[in-house]
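Peer 1: Okay, handing you the structure first.
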Amino acid sequence: MKRSLGSNSSNNSGSGSNKKSKKNNNPSNQKTLGAAWGAASSRSSFRSSPFSDFGSYMEVKNRKLQNQFETEASAASRGVSGSEKLIFQGVSIFVDGFTIPSHQELKGYMMKYGGRFENYFSRRSVTHIICSNLPDSKVKNLRTFSRGLPVVKPTWIVDSISANRLLGWVPYQLDQLNDTQPKLSAFFAPRSHLTPQMASPVTSFQPDTGYSEAEEGSSIRADDSEEARDHIDDEIDGVYIENTTPELTEQTGTGDLKSSEMNAEGLGNYDIEEKEVSSELQSTTNLHSTSDNKSVHANGKNGGKSIATAAGSSTRRHSTLEDPNFVENYFKNSRLHFIGTWRNRYRKRFHGSSNGLKWADSGQNTAEMAKKSTIIHIDLDCFFVSVVIKNRLELHDKPVAVCHSDNPKGTAEISSANYPARAYGVKAGMFVRHAKDLCPQLVIVPYNFEAYEEVADQFYDILHRHCRKVQALSCDEAFLDVSDLSDVETEVLASTIRNEILETTGCSASAGIGGTMLMARLATRVAKPAGQLYISAEKVEEFLDQLPVGTLPGVGSVLKEKLVKQNIQTCGQLRLISKDSLQKDFGVKTGEMLWSYSRGLDLRSVTAVQESKSIGAEVNWGVRFRDQQDVFILVQHFLQCLCKEVSLRLQGCEMIGRTFTLKIKKRKKDAEEPTKYMGCGDCDNLSRSITVPAATDDIEVLQRISKKLFGSFCLDVKEVRGVGLQVSKLDSADPSNKGSRTLKSWLSSAPAVVQIEQDDNVFAAKVRENSDCNRPVTGGVSRLRESNSEESSIQSGDTNSSLPPMCYLDMEVLENLPPELLSELDGTYGGKLFELIEKKRGKRRINCNSPHVSLDGTAASIKELKSLSVKIHGLSTSGEKEYKEPYVPHPSIARTSNQHTIEMTDLLPSSLSQVDVSVLQELPEELRADVLGAFPSHRRQQSSSDVPKETCKKQDEEPIDLKGTENEIGLSFSSLWFGNPPLWTEKFKVSGNCTMEKLSAIYFKVAQSRPMLSLVLQHAISEMSSFPDAASASDLDKAIYDVCELLKQYINLKVGGDIEEIYLCFRLLKRLAARSQLFLQVYEILSPFIQASISEHYGGSLSIP
């Protein structure tokens, strides 16, 4: 009977009769969640099975799996002690999706420690759902998905095993409010998506930049004041810490906190700190990093493994991946950036308040001055905390710290802590989670940069009222040289200043007084908080005897360890070592420093704020790029924003620079993820520099240089973790002569610009009246300017006042000058030079195309001459981006000109292959565009002599937009790809060249709907078995030129957004070059051009195998 039910005939006969009844009975047969998949099946295979329906099959399967699990669990638990067997008793988990630990590992844990593992979800048997990430559909319907069960991360299992007890699942629940699933639109977003509107709003808690002070350049002083403070004061408030700069840390730390690129690569299964990310990222547009490699390595490598919860918002929105304003926000919310910008404001505000800030007497010995000097060191106590809580009396006696996040399990870093917090061991640079462990009642407050700025200004107003010699170290710390204030007691003055600061700002300050800057600062350390200490010269040795060597400026952890190995722990012990021994063991400079500081000697004097030796900016937090496609959009946008920031800093300091250094942090091979969220981690530091002839702060120059340097690294952008740009070899930028030192300004300068007079006859007559060379021209062109004030406007300068008389000029030299230079000289002489030349020639008439003017000075010739002068100088004088090229005669016309005619085309190369690309790249953009624009005109004139003169003039007069077409070449062929079909197809069709006609026909055949040149070239290879050469050399030259123009314009159209198309075209062109002499020459001519275009746009070269 069973065989007959399973036969084919039985299947066919019974399948149709029971279809409707089975559909009606489906819902009543469902017994598990998975039963719905197959309960409605009408296939006869289920009718022939021992199960009544799919639901019964699943019920039996689940029972079998549970039996297998219990058997394996019994065997696995034999080696486990009794106390460990029942950790997960009563817990039944269902694993959804990819997790770490894996599905099988979690199953093993349940077997070993008394839990149950469900292969199929059932609300009746499952107690916890384990997952790391959820798709968008489940996030939106979380209640439906979980059926009210807790959804927790797998770290709950791991941590419970580590603790040998069942931990509460609440801290580990997956509270994923937004999906992390990439959107399809993100992969096809145009360049226009990089708009400021995409930036997230900044709310109350602001991030800290924490970029390296050494890299800051313009913001942070280059001397050792920060380093000294770092090692002198163990209770420092985090303002100048080099090794623990705030907010992001750790280039060597590891952990399992996932960074954004891991999610982007589909590895987002690590246990990212959800509440930390939600707290730190939702409250700000971005976070910031330090650039030091050692700041939190001591915090442990696995500190983040027990942290659970997932990001409340997409982490990529707070990195370079999707935040177009990332760089701007990075520095906007930076504490160190605030200090740097404040220093610039201070320099401008108090400039000249202390006699130009130059106090040292150059005729007096520095050592002699140090002996009789008295220095006060003033430092506000816990500045960044005190300013925030000064109006919050309830927090004055409580432990408080400044940070961007108060998440107790976060990796945000403490920037500054008050003294009650420091009593618990809380220090600057410490993770919030570690600080909360030491001090659970720690109160976290956000930054208030406006209040900081106000208090800092009040602080320095008070200092400058009481002392003339003030050296600002930061917004809250300064040295005062009161050696010349003999009418007031030093200690009384310090006390008066401190009391006035407290009354005005509401913040306490500490003061140290000593004979040197070193002793004053050491005294402040002892006086803190809210006190003052005076160390007289007689008490210096006594004070230093028991002072640990680690508190001396410049003694870091490495140097301190070396000293301890030699049993040198105090300054008293250090004084027993001779200078020669110290210099032998630690080097000349370090040995000199140790010997001097151990005796309280310090030859430094209080001076003004020193000019920065370098200015730059570095970003090494949140830098993540997906793949090579980001090079063309996100990387370039990032570099543009970074160059904008550096340019603004240069302009703020009124400096320009010549050497540009691009620094890259590249993730080390096999480096683990950093403990700090979105940190740079363990990196290799790479850098390359370039020096330009003329100093500049122009943002376009910086962008071009940075793109070129970045391309020279040849990096996988996925490995980039930090980028910095530094400008050195600085020079002062005089605002009144800004731009006068640039090559562009020198080339475009015109001492005289002649305005076209409506009545040219009157102008010509007046020029003839003033062209007499019998009387010397004294006093420059002043009289010329007076006589021609109505007809011409002449820009005078120092050069004009020393011009030689025209009668002293060598006419033979003048006649052989280039037309542009000759026109410029003519303008300098008020338009009289051309007439003088003609008079010397005996009043000979010359062709109107010549750059000279006839003696009788007809209106037409003068008008053309003046038009030429305006065209030559129009770019520099009008300030417009569009200009007209001067008319250059056609070669055929030039041959008929007078022998004195000077053609500009004589100065141009015969082909672009003769141009040095490296030199071309170093030219300013306007000059480079001018050179590239002139070259095709020259080629066109040589190869198309049959073009009418009127056509040439019309084409030459068409303006070129330098801004819109940065690499635009050709003056009259810019429309070959205009229209549908493009104009070149008609031109090629009637060219008379077989190859060109065939290309036109192929376009209409295959590419009319998709105007892609690669389609035309691809079909040309397959359809054209042979390529007949032109009948004559001139025809071949003309065809080569026309095809070159077609490809050049196509490159200009595509190079900015479709480099793949250009690559494909030149691969195909190289194949065509093997078959045709025409395409071979085209390929050789265009190869340097394409490489120059690629280098200009992307900073590299295009490899064409």
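Going from the start of the chain as shown, residues are counted 1 onward.
Cβ coordinates are placed from backbone N, Cα and C, and glycine is handled just like the others.
Sharing the features that Swiss-Prot gives for it:
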BINDING   D379, D476, E477  Mn(2+) 1 binding site
BINDING   D379  Mn(2+) 2 binding site
COMPBIAS  198-209  compositional bias 'Polar residues'
COMPBIAS  242-254  compositional bias 'Polar residues'
COMPBIAS  279-293  compositional bias 'Polar residues'
COMPBIAS  794-803  compositional bias 'Polar residues'
COMPBIAS  947-959  compositional bias 'Basic and acidic residues'
DOMAIN    83-174  domain 'BRCT'
REGION    1-50  region 'Disordered'
REGION    198-263  region 'Disordered'
REGION    276-319  region 'Disordered'
REGION    330-340  region 'Interaction with target DNA'
REGION    556-559  region 'Interaction with target DNA'
REGION    612-620  region 'Interaction with target DNA'
REGION    775-803  region 'Disordered'
REGION    934-959  region 'Disordered'
REGION    1021-1103  region 'Protein interaction domain'
MOTIF     953-961  motif 'Nuclear localization signal'
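Tell me about the setting of these features in this model.
Peer 2: Proximity of D379 (Mn(2+) 1 binding site) to non-local residues of its own chain (separation of 6 or more, Cβ distance below 8 Å) is seen for D476, E477, A509, S510, A511, T524, K528, given in sequence order. For the recorded site, D379 (Mn(2+) 1 binding site), the DSSP three-state label reads strand.
Per DSSP, the secondary structure of the domain 'BRCT' (83-174) breaks down as 35 helix, 12 strand, 45 coil.
This prediction places the mean pLDDT of the region 'Interaction with target DNA' (556-559) at 89.
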Peer 1: Which has the fewest other CB atoms in a 10 Å radius around its CB: D476, E477, the listed binding-site residues?
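Peer 2: Ranked by other Cβ atoms within 10 Å, the binding-site residues D476, E477 bottom out at E477.
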Peer 1: Sort E477 (Mn(2+) 1 binding site) into helix, strand or coil using the DSSP assignment.
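Peer 2: SS state of E477 (Mn(2+) 1 binding site) = strand.
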